[in-house]
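Chemist: Here's a structure for you.
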Amino acid sequence: MRTNPTTSRPGISTIEEKSVGRIDQIIGPVLDITFPPGKLPYIYNALIVKSRDTADKQINVTCEVQQLLGNNRVRAVAMSATEGLMRGMEVIDTGTPLSVPVGGATLGRIFNVLGEPIDNLGPVDTSATFPIHRSAPAFIELDTKLSIFETGIKVVDLLAPYRRGGKIGLFGGAGVGKTVLIMELINNIAKAHGGVSVFGGVGERTREGNDLYMEMKESGVINEKNIEESKVALVYGQMNEPPGARMRVGLTALTMAEYFRDVNKQDVLLFIDNIFRFVQAGSEVSALLGRMPSAVGYQPTLSTEMGSLQERITSTKKGSITSIQAVYVPADDLTDPAPATTFAHLDATTVLSRGLASKGIYPAVDPLDSTSTMLQPRIVGNEHYETAQRVKETLQRYKELQDIIAILGLDELSEEDRLTVARARKIERFLSQPFFVAEVFTGSPGKYVGLAETIRGFQLILSGELDGLPEQAFYLVGNIDEASTKAINLEEESKLKK
């Protein structure tokens with residue numbers, strides 16, 4: 001197989017290198033193209049079909065070389081619809097892989113897999129481009145120090161902390177606050193870490209992608225008046241796109257994130273929604289290319305494809321890419337090859353609970369189901385670890401007692417169990433938090449809570465010092481001092497009512 005240089009050879013203009021082939025066969029999004037002898041393109045090269053269809057309408061289709069078939073023929077996968085293409089049409093080899101715009105000019109904009117803006121705001125003002133196929137950072141470039149990525153969200157930082165440069169799986173159904181949590185993380189990384197975010201919508205519903213964009217504009221994550229001050233770049237490959245586009249859109253988003261890490265030396269947050277759709281698109285392409293399917297009909301190269309994406313998401317000595325990936329689990333089967341392969345790469349899981357959302361506790365992160373490999377005494381320290389374990393024990397005991405309370409009532413519990421329930425209910429409410437991006441809906445100012453403040457707050461609840469305060473004082477507050485202030489205000493209000 002011919003390897004692909006990511007840039008043109010020195011001293012030779014790209015125009016001189018371009019070779020022209022002709023379409024031989026079209027099967028859906030797969031094109032077979034014949035090139036002159038000695039002019040075959042490299043694997044992963046971008047090919048462009050520019051022509052006019054029978055209605056004299058302009059055709060502009062970009063493809064990516066996937067296989068060299070022999071007899072001067074290559075097989076390529078189209079990145080857009082192939083309607084209007086005919087056998088015999090000219091195909092130009094660009095001589096390089098797909099390259100996309102990178103840098104500060106991408107912030108606040110929406111792109112497709114080819115790096116073309118699709119938000120009707122005109123061309124992107126940047127000359128810098130990166131190829132989407134790049135090697136993972138070398139071992140000597142990696143930052144091996146284990147460090148916590150502070151999000152300012154109490155429940156995450158205390159019970160399932162994120163690793164700087166790690167990968168987090170976000171599990172949640174519709175309507176439990178996934179989008180708001182994503183937007184808050186984008187907002188917090190910009191304010192606390194001076195970082196930026198890249199959102200990759202892989203196989204998303206177009207409606208959801210549009211809703212996310214509108215909500216980001218409403219909450220200020222995307223600044224309409226001054227687009228350069230936006231904190232996020234969006235890359236969409238929706239459900240209606242051909243499988244080639246859905247398979248590569250994750251790499252386009254990752255490439256934009258790599259520029260911020262390697263060139264701007266920033267901490268970057270990369271969202272991929274949904275990582276399952278990346279695997280699904282790869283499976284479709286694999287079948288179209290005639291490969292023999294593997295377990296459950298997935299592509300035989302599943303682990304390799306997943307690894308080539310995930311290994312590029314890491315911390316280097318320059319900066320970090322921390323990735324949050326929404327994971328769809330088909331038929332709730334965790335042993336399915338797609339989620340099973342994803343789990344092997346994750347450092348933490350954040351599980352959103354419909355039960356907590358129905359109680360009005362936001363963020364609705366399940367404190368018992370969410371896990372993290374970072375929650376170890378040698379990484380987070382003994383104080384953090386012990387506080388987190390005691391919080392989990394208290395909540396677990398409350399969960400066990402709920403059936404008894406439902407049948408017999410709270411009065412039938414022992415004094416010790418009643419105290420546990422009271423503290424658990426305070427903890428549950430203190431895990432809620434007002435978000436900056438939700439200010440426009442709730443009217444409550446958002447709060448960023450540092451890790452030390454979070455630990456101090458839960459220690460005070462567990463020690464019993466705050467047993468006299470009412471439960472509602474802990475609901476939707478930032479640090480523990482706000483809870484104490486809220487308790488005084490509630491007491492004064494109740495006196496006035498009397």
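Even glycines carry a Cβ here, placed using N, Cα and C.
What Swiss-Prot records for Gly172, Gly173, Ala174, Gly175, Val176, Gly177, Lys178, Thr179 is ATP binding site.
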Chemist: Can you check which residue among the binding-site residues Ala174, Val176 has the largest number of Cβ atoms within 10 Å of its own?
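Modeler: For the binding-site residues Ala174, Val176, the Cβ with the most other Cβ atoms within 10 Å is Val176.
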Chemist: How would DSSP class Gly175 (ATP binding site) in three states?
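Modeler: It is coil.
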Chemist: Is it possible to get the count of other C-beta atoms within 10 angstroms of the C-beta of Gly172 (ATP binding site)?
Modeler: 21
Chemist: Starting from the Cβ of Gly175 (ATP binding site), draw a 10 Å sphere and report how many other Cβ atoms land inside it.
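Modeler: Counting Cβ neighbours of Gly175 (ATP binding site) within 10 Å gives 12.
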Chemist: If you count the other Cβ atoms within 10 Å of each Cβ, which of the binding-site residues Gly173, Gly177 comes out on top?
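Modeler: Comparing the binding-site residues Gly173, Gly177, the most crowded Cβ belongs to Gly177.
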